[in-house]
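These notes concern the structure reproduced below.
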Amino acid sequence: MNQQGYVATPPYSQSQPGIGGFSPGFGQPASSPLYGHYGGPSPSSNAPHSAMLKTNVPFGSAPSIGPPPHSTHQFNQMNIQNGPSTGTQQAHRFPAPSAFSPPYSLPSQSSYPNSPPSTSTVQLASQLGNMQLNNYGPSTAPHTPPCVPSGQPQAFQGPPPRPHQVALSSGPQISPPASNNLNSQGSPPSLPPVARQEGMPGSGPLNTNLPQQFPSEPPGPGFPPQYGNYGPPMAGAQLSYPGGLPSGPAQLAGPQQRKLDPDSIPSPIQVIESDRVSRGGQVYATNIRGQVPPLVTTDCVIQDQGNASPRYLRCTTYCFPSSSDLAKQAQIPLAAIIKPFANVLPNETPLYVVNHGETGPIRCNRCKAYMCPFMQFIEGGRKYQCGFCNCVNDVPPFYFQHLDHIGRRIDHYERPELSLGSYEYVATLDYCKNKKSPQLPAYIFMIDVSYNNIKSGLVKLICDELKTVLDRLPREKQEETSSIRVGFVTYNKVLHFFNVKSNLAQPQMMVVTDVGEVFVPLLDGFLVNFQESRSVIHNLLDQIPEMFTDTNESETVFAPVIQAGMEALKAAECAGKLFIFHASLPTAEAPGKLKSRDDRKLVNTEKEKTLFQPQTNIYETLASDCVANGCCVDLFLFPNQYVDVASMGLVTLHTGGTLYKYSNFQVQSDGQQFLSDLRKNIEKQMGFDAIMRVRTSTGFRATDFLGAIYMNNTTDVEMAGIDCDKAVTVEFKHDDKLNEDSGALIQCAVLYTSISGQRRLRVHNIGLNCSSQLADVYKSCETDSLINFFAKSAYKAILSQPLKTVREILVNQTARMLACYRKNCASPSAVSQLILPDAMKVLPVYMNCLLKSSVLMGKPEIPTDERTFHRQLVMSMDVASTQFLFYPQLVPIHTMDVNSDTFPSAVRCSEERLSEGGVFLLANGLHMFLWLGVSALPEFIQGIFNVPSFAHVSTEVTLLPEVDNVYSTKLRSMIEHLQSKTPYTMKILIVKQREQPEMAFKQFLVEDKNIYGGASYVDFLCCIHKEICQLLS
């Protein structure tokens, strides 16, 4: 292959930027070259230690069974520890660890005393149609039995899998079509019968637009030994490594098999379970730079010891390439997903608040970074060197402290800002608007009282709930009651403001009919303390449904409602939040009036992007004004038809608010879901009128920000409100070479007003490793974070680029990342082998789930509002939420042990995992289904539904009955556990096997082909493999 590297072709040329760091990002001018080159060090000098461990097994013999001997290794050039290099140590100078390391290549056992030793590498016996998994290296070990199907806990006896190799060999199967357009629009021709009997998941015909055949090369007999990054091994070394699927590194090659076995391709369930087994329930300390944290799906206790908790900050890779050239080669996006107000567990330490009085926080004079563990004190403690810009600063006299024998301040552990990764500062007046202390924040409830909302009972439901839910307003831990003030507005074509001052006997209503120029008719008595005005507010909430009971007004306004709420907060000189409960398209004559434009004919055309853009620029302007005045907007939509979420939801998106949508709302079936969402929302801990700035050490910088945010310039992320569920994804690019000794440092500082009206600074710091070895970068990747980044990047890109282009970029970049690993980190092997880095082995399945999401599918059958709603939700999601959304949990309820505290393990999201005698619960954070097999045990049905048989179960119910038995209690506790993990309440839908509603359920079985033409996981893996082969040939 040409050592100059593979040169990309459109749409990956410079005029068509790719996602994330490898061109300026979607929709921006291509100011830097595309990272489409694969030239560079030859594989022999650059083989990854992420793929193997050196052992003293004689060359050519079978690797010994069981963990490696505890004796010292023959070679110490190689290291799989992922901790930081301390002082001047280089990564490759660490001694070799004495046992295989835990999942995702974490630090060696010294760092993780509780990590179980590895079990032997197991060879998979299950094969893919034209794929087979073999062991890594020319081993003569006998085949061990096939693995237990994923999802069953007994399959996970040892620590997690390691590097993964899958080989797709050629075969006479199905000749590939001319195009490899994934999930293409036309209905695919049916396959020859032989391919249909291959045991492919899904009941429909395969998507023949996926490549099924590859260049006819003889499959490799196994891999020659890999040399790691540090030269060839001494004679007599056989390289082996634990990993692969439930076992060792996996390779697909070898004799042709007729039967396709999905168990032989990487399983997300198995990766999740492996991580839980090795790291679940343990204490994860953040004292080592660049270590990869447990997966978001693993429950553990996090102890801040100098780097921010992964609850606040996760990265796509914890080892950055040391140069931009290396980053271009790898194509791995360098990004952090920051969730500044994340909730911590009750047994974890809450953030300390540091108060330096009138002096305020101590900052670097040059780069303005805040005092943190990365500052180095020198000259006996009189000066400190900034870890971000290297500027030497004087220590203020009041802050002086002597240094100990290792150059550390003797009060190091007494000061949170010196010893912890996350903490808060009390801000001084210099950090306040107009140098005045902020007022207490306020919540304004704005209720649409048009005809439909009154008649459906929605208005009465809201008013009844507000009487009780206002007692749950958030408060500081030391306060007995909440400081937040409340106000009330109702509206249809006009606005009604209410005076609820505590000394009134009855609330007073004032009507504003001029919706073109909205003003606030009263100040005193509009925003009040709920406890003081409780009786007047209760009186008002009783009266509102009756007051409008005879209304015939069906038209509504919308933009003037937001304007009015913002003006009220502005007049009171406080920040706050609007809760708007709205039902229909605003068609009344007023600013922001919208027309129905749900034109499905635009789908899959150049103009499709207009469906995701607002109709009018008034909402952009309104969003900007709201952010400037600290006015966050939460919108609860109850539409019976198209409401143009792209326009109406825009202010919510830009102000850091939350959007809820309850289509065809009915009080009986949807009321509980809405009330639960409202309660969760009102109780959330929040920050108001926030500005976030991300600083980095020299050599790289933050270039792009994705989330529920507003940006007036290139550095300040503005959020009128930010709650415990919102995350901002930040992309970084090199502007110089990074230093491997000092690493890559990131500091995120959020200036905000607390719920008690105090101006504060919340600071999160993290140190990452840097390396000139690509293998280190791949080893430290986190797939869940990568998918969060790709989803947000793609969802931003569809505003400016055709859907087809966005999809192609995603597929192409996935192939490029894996091709770069194959070329630079894996040992030479047959082209027919698909080699996946261990940390990315489930990237293809997650990427396929993203491509099959309603936003990127591009099918006229999917309502536009549904796609826009989904897009907006994802833009502010954290890593755990996107992981849950794109790969739902499918739990076999019928296997639960009612006498145990544990829940059944999830199984892979495929129809093949369902059984006629089973009952399965599926959840993805927004939707929940309970699927009943036709032969489900009657006693199980009786236990859950209190009816005698399958036939008697009603699919209309959306709440499970509270039956007094172990089955019902266990299932309801499992559902509560899943509900507690997500910001949104999932309405449960009962689905019976072979009945019509089952079609909706099957769309969430993401490993199968779906009815809109989305590829199955197996097909997508073939497609990616073909792309990789083309890149490498």
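Using the three backbone atoms N, Cα and C, a Cβ is placed for every residue, glycine included.
Here TrEMBL flags 1-17, 71-91, 121-142, 167-188 as compositional bias 'Polar residues'. The region 'Disordered' annotation in TrEMBL covers 1-267. For 94-120, the entry in TrEMBL reads compositional bias 'Low complexity'. The annotation domain 'Zinc finger Sec23/Sec24-type' is assigned in TrEMBL to 361-399. Per TrEMBL, the feature domain 'Sec23/Sec24 trunk' maps to 438-682. Per TrEMBL, domain 'Sec23/Sec24 beta-sandwich' is recorded for 687-770. The domain 'Sec23/Sec24 helical' feature in TrEMBL is assigned to 783-882. Taken from TrEMBL, the feature domain 'Gelsolin-like' applies to 904-974.
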Worksheet item: Of the residues in the domain 'Gelsolin-like' (904-974), how many are helix, strand and coil by DSSP?
Response: 23 helix, 12 strand, 36 coil
Worksheet item: What residues in the same chain, six or more past the boundaries of the domain 'Zinc finger Sec23/Sec24-type' (361-399), come closer than 8 Å to it by Cβ-Cβ distance?
Response: 306, 354, 407-409, 417-421, 425, 427, 695-698, 742, 745, 747, 749, 761, 763, 765, 767
Worksheet entry | Helix, strand and coil residues within the domain 'Sec23/Sec24 beta-sandwich' (687-770) as assigned by DSSP | 0 helix, 54 strand, 30 coil
Worksheet item: When the domain 'Sec23/Sec24 helical' (783-882) is classified with DSSP, how many of its residues are helical, how many are strand and how many are coil?
Response: 69 helix, 4 strand, 27 coil
Discussion item. Within the domain 'Zinc finger Sec23/Sec24-type' (361-399), count helix residues (DSSP H, G, I), strand residues (E, B) and coil residues, in that order.
Written reply: 6 helix, 11 strand, 22 coil
Practice prompt. Find the average pLDDT over the domain 'Sec23/Sec24 beta-sandwich' (687-770) in the predicted model and report it.
Written response: 96
